[in-house]
Amino acid sequence: MQPATPRRLLRRRIHFTPAFYNKEQTMRALAALSRFVGNTFAYWVLLFAILAFMFPQVFIGLKGWIVPLLGLVMFGMGLTLKLEDFSEVARNPWRVALGVVAHFVIMPGVAWLLCQVFQLPPEIAVGVILVGCCPSGTSSNVMAWLAKGDLALAVAIAAVTTLLAPLLTPTLIWLLASAWLPVSFLDMFWSILQLVMLPIVLGVVAQRLLGARVRYAVDVLPLVSVVSIVMIVCAVVAASQAKIAESGLLIMAVVILHNTFGFLLGYFTGKVFKLPLAQRKSLALEVGMQNSGLGAALASAH
C-alpha cells in the first residue's frame with residue numbers, strides 16, 4: 001500500500017463527491033422544476049412584469065442582456081429541433097401551411113386594425129405591429145400540450161414560422177408600420193438572421209455533434225427559456241415604465257384584444273377548414289401566441 005502523500009491527498013479531495021449528491025436524482029429534480037416552471041410560464045411573466053413596473057431601478061440593468069438572452073432561447077430551440085419535427089409537414093402539408101398563413105395574416109392584420117381603431121401613438125403602434133409580425137411564441141408548444149392539442153402540428157407550425165421569420169417579419173413590419181415610423185427592411189432582416197437563425201443553427205449543430213450528451217440540457221430547457229423570457233420582459237417593462245404608466249390601460253386593452261382575437265380567429269379558421277378539435281386548439285395557440293422576446297429584441301435594436 002502506497003503512503004498517502006500530500007499530492008494523493010489533494011487528488012482525493014479534488015475528486016471527492018458528497019454522499020448526498022446523486023447526478024441522476026439532481027437532473028430529475030431539475031427536469032421536474034423545469035416542467036413546473038414551463039407549465040406556469042404566464043404567471044411568472046405577469047408577476048415579474050408587475051415587479052419590474054413597480055421597481056424599475058432593480059431591473060433596468062437587464063436591458064443590455066436582451067439580445068444574449070433571446071439568443072440563448074433560440075439556441076435551446078435549435079437543440080430540440082429534429083427531422084421528426086418536420087415530418088408533420090410531409091404528412092399534412094396543407095394543415096401546416098394553413099397554420100403558417102393564418103399566423104402571418106391574422107396577428108399582423110389584427111395589430112394594424114387595433115392601431116387604427118385606438119389611434120395609438122407612433123411608438124406604441126409600431127411596437128404592437130412589431131409583436132404581431134413575429135413568429136409563434138416559444139411557449140406555444142407547451143400550451144398546446146397542456147390544452148391536449150395536436151402537439152406535432154403545433155411544433156411544425158412554430159418551427160416553420162420561425163424559419164420564415166427573417167423574410168416575412170421585416171416585410172410585414174415594413175408594409176404595416178411605415179406609416180408611423182420609417183422601417184429599414186434590410187437592417188431588420190439581418191437582425192433577425194443574427195437573433196434567430198444563427199443561434200438555432202448553432203443549436204442544431206451542437207445537437208448533431210454532442211448527440212445523447214445534450215439530453216440533460218434539453219430536459220431543463222423550459223426552465224432556461226422561461227427565466228430568459230422573464231428577464232427580457234423585466235428589461236422591457238423597466239425601460240418603458242414611464243410610457244406604460246402614461247398609457248397603461250390603453251396598452252393593456254390593446255394587448256388583451258390582440259391575443260384574444262388571435263386565439264379566436266385561429267380557432268375559427270380551423271373550424272372553417274373542418275379540422276379536428278385537437279388541431280383547432282393547436283392552431284388557436286400557434287396563431288395567438290407570439291415570440292415576444294424577439295419583438296423586444298428588435299424594438300431595442302431598432
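Note: Cβ is positioned from N, Cα and C throughout, glycine not excepted.
TrEMBL: automatically predicted annotations, no manual curation.
According to TrEMBL, the transmembrane segment annotation covers 36-59 (among others).
According to TrEMBL, the transmembrane segment annotation covers 65-84 (among others).
For 96-119 (among others), the entry in TrEMBL reads transmembrane segment.
Residues 38-39, 41, 73, 77, 103-104, 107-112, 114-115, 154-155, 157-158, 161-162, 164-165, 168-169, 172-173, 176-177, 180-181, 183, 196, 222, 225-226, 229, 254-255, 258, 281-282, 285-287, 289-295, 298-299 of the same chain, all 6+ positions outside the transmembrane segment (125-146), place their C-beta atoms under 8 angstroms from a C-beta of that stretch. Sequence annotations record features per position, and here TrEMBL assigns transmembrane segment to 125-146 (among others).
For 153-176 (among others), the entry in TrEMBL reads transmembrane segment.
The annotation transmembrane segment is assigned in TrEMBL to 188-206 (among others).
Residues or ranges marked as transmembrane segment by TrEMBL: 218-242 (among others). Away from its own ends, the transmembrane segment (218-242) comes close to residues 27, 30-31, 33-35, 37-38, 41, 44-45, 48-49, 51-53, 56-60, 62-63, 65-66, 69-70, 72-73, 76, 79-80, 138-139, 142, 292-293, 296-297, 299-300 of its chain (Cβ-Cβ under 8 Å, at least six residues beyond either end).
Residues or ranges marked as transmembrane segment by TrEMBL: 248-270 (among others). Away from its own ends, the transmembrane segment (248-270) comes close to residues 98, 102-103, 106-107, 110-111, 114, 118, 120, 124, 128, 131-132, 279-281, 283-290 of its chain (Cβ-Cβ under 8 Å, at least six residues beyond either end).
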Would you call the transmembrane segment (96-119) and the transmembrane segment (153-176) in contact, using three or more Cβ pairs under 8 Å, pairs 6 or more apart in sequence?
yes
Positions on the same chain near the transmembrane segment (188-206), where near means CB under 8 A and six or more residues out:
67, 70-81, 135, 162-163, 165-167, 169-170, 173-174, 214, 294, 297-298, 301-302
